[in-house]
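Contents: one structure, followed by commentary.
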Amino acid sequence: MNVEKRDDKEDSKNDEETNRLLSESHEYEEKILIAEAEESDGEDLTVPPFSWKKLWMFTGPGFLMSIAFLDPGNLEGDLQAGAIAGYSLLWLLLWATIMGLMIQLLSARVGVATGRHLAELCREEYPGWAGYVLWVMAELALIGADIQEVIGSAIAIQILSNGYFPIWAGVLITASDCFIFLFLENYGVRKLEALFAVLIATMGVSFAWMFGETKPSGKDLLMGILVPRLSSKTIRQAVGVVGCVIMPHNVFLHSALVQSRKIDPNKKGRVQEALNYYSIESSVALLISFMINLFVTTVFAKGFYGSKQANSIGLINAGQYLEAKYGGGVFPILYIWGIGLLAAGQSSTITGTYAGQFIMGGFLNLRLKKWLRAVITRSFAIVPTIAVALVFKTSEASLDILNEWLNVLQSIQIPFALIPLLTLVAKEQVMGVFKIGPVLERVAWSVAALVVMINGYLLIDFFVSEVTGLLFGLAVATGTVAYIAFIVYLILHSGTFPSDLITLISKRFTSTGN
């Protein structure tokens, strides 16, 4: 009997240690307590009245999420859209942001209603082999995004140092943000959120300053937002505007960020309250991100639309073109651009580190110390980025080609974040009473299908122009078959994809084939 009791105690200690490690791996050690959250017992079906104080306490995760809409890859898409398409794609930028908001709110809904984030739920939802494939795809998407973000920061450091630091040195400097992240997280999530608020404000002030300096046409801006226009010459830019909105790692990230507030999933009124506040703060955050993207697009539309330089502007030379066009003033526009770009790059690389921890920990159920997990996830992106920086150096043409390949890499991964999200958010076994209704489900699948098809166009257009040689073509064809087969598997596994939408897409592809 004594031996059995001793064994039971040892098992209990082991269970406690396991739970402690799991908590440290996958959750926030100290969640923010929401005022009055502990007052009632039971299921608590009543939603408390609106409170500005509570809104402030819930504010934070949406702004961290919005960084993905402002990373250097998005800024490059903005400046190219403005230079090549002028003001004509502003309406698409608005609607793409709205579509992105809907997807991110669904991600937040999953996190709040279940108390777990998307990577953890995917591990439980899918067989082991499928979970590993989803993890690899999420890591590839994160690495692709991180390379763009780190190189964007490195370009900004090169601008602000007057060329003293080469790209590879800027990459090493940017890698240090991992330790900034770890340092601030030790002081609580609100300190980290405050850092991001400063970085977003820096971007807002920098790009608003540029907007004021260049004085874009108010009439053309308003027409661009209100009147949909699209020409054959701007299809590629339009695809880029929509494709940059859905970032696979950001879908996983937002479902984890919302758990920084202490919400009991069993108290339905509190869950609904949290969803209401998160909807408000995410909407405000993405409105601000839309305005910043708008500033960048219109600045380059005013300065370079219809010019000879329009087709040659990229992230690495944008500052020089701005300086040549608008040089002078109290503070040179080149440095204003560099400051905004640095804020965008630094903030997005830190959120990339954050997302990497949740993705790796959730899919693999790792039990690692926080600092070790951050170093591992940071290395996943920094090592290939340094290699890329050394190989490509400062060649504009080479970096443009690299950027196209990275956009393709991220576009390929989009279905592997959206389909699991829509599968889980519509499942009553997972979401309970907070599963989405049939109308919202239909709209969400339609948006997902639209985004996937738009990115599919980008992939086809890219591979048709870039794939040469029999062996390479055969490898791409084989990979494409496996890729489509896995997407079909995920759709069939969901069991919720509207049958009439499947029929519509099938007819569309059939008519295209004929």
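Keep in mind that glycine also has a Cβ here, set from the backbone N, Cα and C atoms.
Per TrEMBL, the features are:
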- 1-24: region 'Disordered' (REGION)
- 55-72: transmembrane segment (TRANSMEM)
- 84-106: transmembrane segment (TRANSMEM)
- 126-145: transmembrane segment (TRANSMEM)
- 165-183: transmembrane segment (TRANSMEM)
- 195-212: transmembrane segment (TRANSMEM)
- 284-305: transmembrane segment (TRANSMEM)
- 326-344: transmembrane segment (TRANSMEM)
- 375-392: transmembrane segment (TRANSMEM)
- 412-431: transmembrane segment (TRANSMEM)
- 443-464: transmembrane segment (TRANSMEM)
- 470-492: transmembrane segment (TRANSMEM)
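The list of residues near the transmembrane segment (126-145) in space but at least 6 beyond its ends in sequence, with Cβ under 8 angstroms from a Cβ of it, reads 68, 71, 73, 119, 247-249, 252, 348, 352, 355-356, 359-360, 363-364, 380-381, 384, 406-407, 409-410, 412-414, 416-417, 420, 486, 489-490, 493.
Contact between the transmembrane segment (412-431) and the transmembrane segment (84-106) is supported: at least 3 Cβ pairs lie under 8 Å, counting only residues 6 or more apart in sequence. Among the recorded stretches 195-212, 284-305, 326-344, 470-492, the one sharing the largest number of Cβ pairs closer than 8 Å with the transmembrane segment (55-72) is 284-305. Sequence-distant neighbours of the transmembrane segment (470-492) (same chain, 6+ residues past either end, Cβ-Cβ under 8 Å): 130, 133, 412, 415-416, 419-420, 423, 463.
The transmembrane segment (326-344) and the transmembrane segment (84-106) are not in contact, since fewer than 3 Cβ pairs between them lie under 8 Å (pairs 6 or more apart in sequence). Outside the transmembrane segment (84-106), and at least 6 residues removed from its termini, the chain residues within Cβ reach (under 8 Å) are 62, 65, 69, 78, 216-217, 220-221, 223-231, 233-234, 237-238, 241-242, 244-246, 250-251, 254, 278-279, 282-283, 286, 289-290, 293-294, 297-298, 301, 305-306, 310-311, 418, 421-422, 425, 436, 443-444, 447-448, 450-451.
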